[in-house]
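Engineer: Supplied in structure tokens, the structure appears directly below.
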Amino acid sequence: ISDRSLTKPFCRMLGFLKQPVVVTAEINMNLVALTVMGLVNRFWALSYPRAVVFDEVYYGQFVSLYMKRIFFVDDSGPPFGHMLLAFGGRYSMNVPIWSLRLLPALSGALCVPLAYQILVELHFSHCAAFGAALLILFENSLITQSRLMLLESVLIFFILLAILSYLKFYNLQKCSPFTAGWWFWLLLTGVACSCAVGVKYMGLFTYMLLLATAGVHFWHLIGDQTLSNVSVFCHLLARGLTLVVVPVAMYLSFFYVHLTLLYRSGPHDQIMTSAFQASLEGGLARITQGQPLEVAYGSQITLRNVLGKPVPCWLHSHKNTYPIRYENGRGSSHQQQVTCYPFKDVNNWWIVKDPGMQQLVVSNPPRPVRHGHIVQLVHGITTRYLNTHDVAAPLSPHSQEISCYIDYNISMPAQNLWRVEIVNRESDTDVWKTILSEVRFVHVNTSAVLKLSGASLPEWGYRQLEIIGEKLSKGYHQSMLWNVEEHRYGKSQEQKEREVELHSPTQADISKNLSFMARFTELQWKILTLKNEDTEHKYSSSPLDWITMDTNIAYWFHPISGAQIHLIGNILTWASANVATLVYVCLFLWYLLRRRRKICDIPEDAWRLWVSAGGLCVGGWAVNYFPFFMMEKTLFLYHYLPALTFQILLIPVVLQHLTDHLCRSQLPKNMFSALIVAWFSSIYLVYRTFSPLTYGEPILSAAELRALRWKDSWDILIRKH
């Protein structure tokens, strides 16, 4: 073999080196410019003011609790948004304010290029897309909300990301389904939807809109005769996996991480059940750790009402008796009072007694109490038996009075037998368990159920909560349910020794850890049902106030300089958005009516574009706005911002449609374009006019502040010298 024959293949292998390796990339300078402008617009002087602004006080507390791993409950929504904010303060307890505001500001900045891309994916011109981005860029209310440690800008970012991802997926669906890009955008749609819902429950509105849109598109896909049945089924499976299974799994993962991080007892423990509290480190777990699991005859227990409203409380009694006559003239039994007391107290202890035996101690081996067993409940300190009879309750005359029986030697015998019913039992032979079992006590003689009425007793009852006997009814309301929180096996038969025993801590060795799903279910229910006591706020408003921006929120006011920050929008943008919505609806109905008469005013492609863009923008506005009319919670102007964002996207859609299809000749088009330029200039001018209230600087004089009160309903703060 010659040397030349060996070198020829080697030379061919190195032949590609004769030409340089060239990598080309397309850069959309519109996107780059918009992103830079968004970052500058949102990040400028981000650390100002160096003070806690409005709801930053709550989110700051939540971040602090995350740092300390202390459990908390926030009724405003799921924990994902709080975890994102806490991520900015993970390195140090002395976190600079700008780092906590970084994520909302970044989210707000990225909403600008997202708006541009959404219009492009809807097949509108780059000019219209650029206009939509500029409207988001110069919207004062969106700027204000994104420059503070608040979650609305993060929510809007994930909403827009979900919309963009679905549009990109849908456009790929037409040409290259089941490719890597197709899967990526479909999966990102589901991920963004779950993140939006995980930040605030308002994200659920857009998620439902996208599910409905995907359902309509899939319905059209079913009618495609070029697809086989297997292909259609694969499309259904892919959408179900990415748009339903993945979001649900991610939503659960948010709570899993939340509960894993917050493992220590904290200030919100009391609203959770005893089982949940016992699963946290410290707090109740410190008290209940190692308690006996099974309640037996002779057990010493405290009984906590499961409802926990109006406040968590425990079955309680004391030596005081009911008044012989109440203020309204009705008589009572004059027996010993039984109440629900919202604090830990030795008078919360009761002894479970076997009616057939006299002993008040646990036998060896212990005899567990099971579902359906008859017991007597003996008050630990006064040794009187829990009793009810045909006497009206003090504040609930249609229910029976609950008392501890005192023998006055009159014709009112004791009626102190109670049947234990374990509501969450797995079988009819279940044992009554500490913390885990939810039980109700049914009076044997009258079938009345031991229940918390929730009413506060007068002074003679020390303002404690009323306990009543309600006639047996179908269903299990939580006010009728009780669980054993603290528990010990009684050992002392003598009363004095027993009182010492009741004051001492419990001891034994059994774990009460709840599963993740049990804790998730309880926490989710608390978030959905928990209501703040503050039902009114100075800056609360109704949905009718939002659409015309008849309200604002004064976020921050400097007491010396008079500098202030307000949640107040670009009023020209808000008015234009309302006009665009009205124009779209009128034109849509007009086109629809004309098409019913077989008259097509615009081409079929333009009609489909008009319907799809309107369904997304008007539909997004509607689903994020109208549900608030049915809500009883305290509402603020910032709740309208997601709906407003969809309305803003509609403005360039309507403008381009008017230019393309209603301006028939070049002259009207030129005149209309000139009006659009003047209108955009006015929007920028309004943005600049109100920027001192958006950024908090420069400081304005009293006269300048009065000039900014364009509506009498706006609360612009003016210092009095």
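Any Cβ shown, glycine's included, is placed from N, Cα and C.
All TrEMBL annotations are machine predictions without curation.
Sharing the features that TrEMBL gives for it:
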- 20-40: transmembrane segment (TRANSMEM)
- 98-116: transmembrane segment (TRANSMEM)
- 150-170: transmembrane segment (TRANSMEM)
- 182-199: transmembrane segment (TRANSMEM)
- 204-222: transmembrane segment (TRANSMEM)
- 242-263: transmembrane segment (TRANSMEM)
- 292-355: domain 'MIR' (DOMAIN)
- 366-423: domain 'MIR' (DOMAIN)
- 427-487: domain 'MIR' (DOMAIN)
- 575-593: transmembrane segment (TRANSMEM)
- 605-623: transmembrane segment (TRANSMEM)
- 635-655: transmembrane segment (TRANSMEM)
- 667-687: transmembrane segment (TRANSMEM)
Engineer: Let me spell it out: take the transmembrane segment (150-170), skip the flanking residues so only those 6+ beyond its ends count, and list any with a Cβ under 8 Å from a Cβ in it.
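Structural biologist: Non-local partners: 54-56, 59, 77, 81, 84-85, 103-105, 107-108, 110-111, 114-115, 117-118, 121-122, 142, 181-182, 185-186, 188-189, 192-193, 195-196, 199-200, 202-203, 206-207, 210, 213-214, 217, 616, 620, 638, 641-642, 645.
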Engineer: As a quick check of your reading of DSSP, tell me how many residues in the domain 'MIR' (292-355) are helical, how many are strand and how many are coil.
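Structural biologist: DSSP classes over the domain 'MIR' (292-355) add up to 3 helix, 30 strand, 31 coil.
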Engineer: For the domain 'MIR' (366-423), give the DSSP counts of helix residues, strand residues and coil residues.
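Structural biologist: Computed counts for the domain 'MIR' (366-423) are 0 helix, 26 strand, 32 coil.
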Engineer: Any idea what the model's mean pLDDT is for the domain 'MIR' (427-487)?
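Structural biologist: Looking only at the domain 'MIR' (427-487), pLDDT averages out to 89.
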Engineer: Counting only residues 6+ away from its ends, which parts of the chain sit with a Cβ under 8 Å from the transmembrane segment (605-623)?
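Structural biologist: Those are 122-124, 163, 205-206, 208-209, 213, 581, 584-585, 587-588, 591, 595, 642-647, 649-650, 653, 657, 660-661, in sequence order.
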Engineer: Let me spell it out: take the transmembrane segment (575-593), skip the flanking residues so only those 6+ beyond its ends count, and list any with a Cβ under 8 Å from a Cβ in it.
Structural biologist: 547-548, 601-602, 607, 610-611, 614, 617-618, 621, 644, 647-648, 650-651, 653-655, 657-658, 679, 683
